[in-house]
Ligand SMILES: Nc1ncnc2c1ncn2[C@@H]1O[C@H](COP(=O)(O)OP(=O)(O)OP(=O)(O)O)[C@@H](O)[C@H]1O
């Protein structure tokens with residue numbers, strides 16, 4: 001039996017559930033019903049251990065108290081209203097990747113996948129992409145994914161909502177089969193009361209309080225209703241207002257206590273795979289999804305190749321060399337003056353071109369970097385929550401995101417270095433310039449990834465990343481002079497400045513360096529210092545990502 005004791009939940013400054021206690025029967029189909037906004041979803045989310053709620057109360061499963069999300073892993077599953085599986089995976093791939101997050105050998109994985117597909121009626125659809133399935137088929141996939149960890153208790157939040165009557169019937173039949181053949185306990189939030197008679201146990205909520213708990217016949221008797229569909233009208237009947245919660249506390253609670261004999265404590269039937277194995281599976285899945293998403297793949301390829309080409313069109317013949325390095329002393333004072341002016345003009349032109357080209361490639365890399373990370377974590381928060389109930393740990397999830405976005409950032413940094421240096425012929429070390437651009441790309445990719453881990457939506461993270469990139473250029477102080485007291489303070493956090501300075505410092509002691517410094521009027525720090533600061537930016541962004549992912553794990 002799953003038991004909720006004295007649950008009070010506060011959200012948005014008010015009480016959403018007040019002192020609710022309810023028992024859900026083992027090996028049965030349980031229903032949670034009530035008018036819209038009465039707190040059904042909140043009850044389910046609290047029961048599955050969501051950290052997003054300010055919940056006060058106790059949860060007991062087969063005589064064991066559940067105190068954390070970890071206690072629920074592999075024992076409690078959660079099927080949300082909408083299937084969160086990746087649309088670009090096939091049904092079979094979705095199940096296989098989920099199974100690979102558990103500690104199982106390849107033969108067992110394959111056997112379990114076949115079994116789950118058969119049980120959920122998905123065998124014929126195994127090669128179909130999830131994104132191409134109907135509503136009813138998607139609910140089956142959502143249920144199938146929850147069967148992967150073989151939990152004894154499944155919470156389903158309106159899994160039949162929005163389905164046609166036939167599909168709704170099919171899903172309820174499937175749940176009944178899981179209950180009868182596998183002994184699962186299923187708790188269903190439902191809206192359509194036409195099907196209420198099919199449930200073994202019913203809990204009714206109204207305005208955050210429990211107003212009934214029992215069998216269907218007891219339900220009909222308690223509310224004096226032949227037709228359960230009239231329940232919501234009865235609860236909201238202002239012409240005859242009744243305090244159903246007080247009535248239940250007074251007269252109804254006793255009979256509900258005689259439910260069933262306790263079962264032995266439920267145990268986990270599956271064990272999560274090691275961190276390494278989970279990280280490997282997630283990365284394989286991520287790269288497969290990357291290759292399948294043609295639009296994203298084309299965009300990434302286009303900016304990886306296109307942006308360096310954009311830089312080099314400003315210096316297709318390489319950078320012009322400074323020609324008037326010496327003045328002819330035979331020209332006299334006026335001639336020398338004219339020579340100096342001509343040299344200054346040429347140095348200004350060349351220096352400005354060098355400084356701008358370096359700045360341009362750095363800025364473009366900050367832009368591509370922000371594009372890599374901003375939508376990577378926030379949109380997957382729901383799926384991550386579900387998978388964490390099946391045993392996925394935050395460490396491997398964080399590692400997958402860092403490696404995937406980091407991999408793209410490194411490739412983009414290298415392509416920029418190779419294309420620009422080959423065409424423009426910047427002097428100086430390939431290594432220093434390559435490392436500089438890779439670090440710039442990594443820092444912004446992971447910063448945007450960090451935003452995505454901390455913010456609630458990919459759009460918000462993307463917007464913030466765009467602002468951060470947009471402010472990089474003016475706050476670098478390279479193009480516009482910053483007020484003196486702010487210069488060092490602001491620059492310390494501006495990746496663009498350190499990328500520009502490191503690249504420029506890599507060819508110190510050359511005429512081009514002198515010309516660029518002459519134009520910018522900057523004292524350029526040594527490249528080792530610049531690389532060190534860039535490394536600090538990269539590690540800080542990494543910490544932002546890790547702290548965001550672990551926080552998301554605690555608070556979802
Ligand atoms: N994070 C939140 N902040 C503020 N209010 C919230 C939050 N979550 C839920 N609520 C409020 O709590 C109440 C219960 O919400 P809940 O989603 O549990 O209701 P429900 O019974 O599942 O409704 P429905 O049947 O419409 O899905 C609603 O009034 C809702 O606005």
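From the backbone N, Cα and C atoms, a Cβ is placed for every residue, glycine too.
What TrEMBL says about a protein is an automatic prediction, not a curated fact.
Residues 295-316 are the range that TrEMBL records as transmembrane segment, among 273-294, 295-316, 317-338, 339-360. Check TrEMBL against the ranges 402-424, 494-516 and you find transmembrane segment recorded for 402-424. Of the Cβ pairs linking the transmembrane segment (526-550) with the transmembrane segment (430-449) and spaced 6 or more residues apart, 3 or more are under 8 Å, so the two regions touch.
Within its own chain, the transmembrane segment (402-424) has Cβ neighbours under 8 Å at 279, 283, 286-287, 290, 300, 303-305, 307-309, 311-312, 315-316, 318-319, 357, 361, 364-365, 368-369, 372-373, 376, 430, 433-434, 437-442, 444-446, 449, 542, 545, counting only residues six or more beyond its boundaries.
For the domain 'ABC transporter' (2-232), the predicted model reports an average pLDDT of 91.
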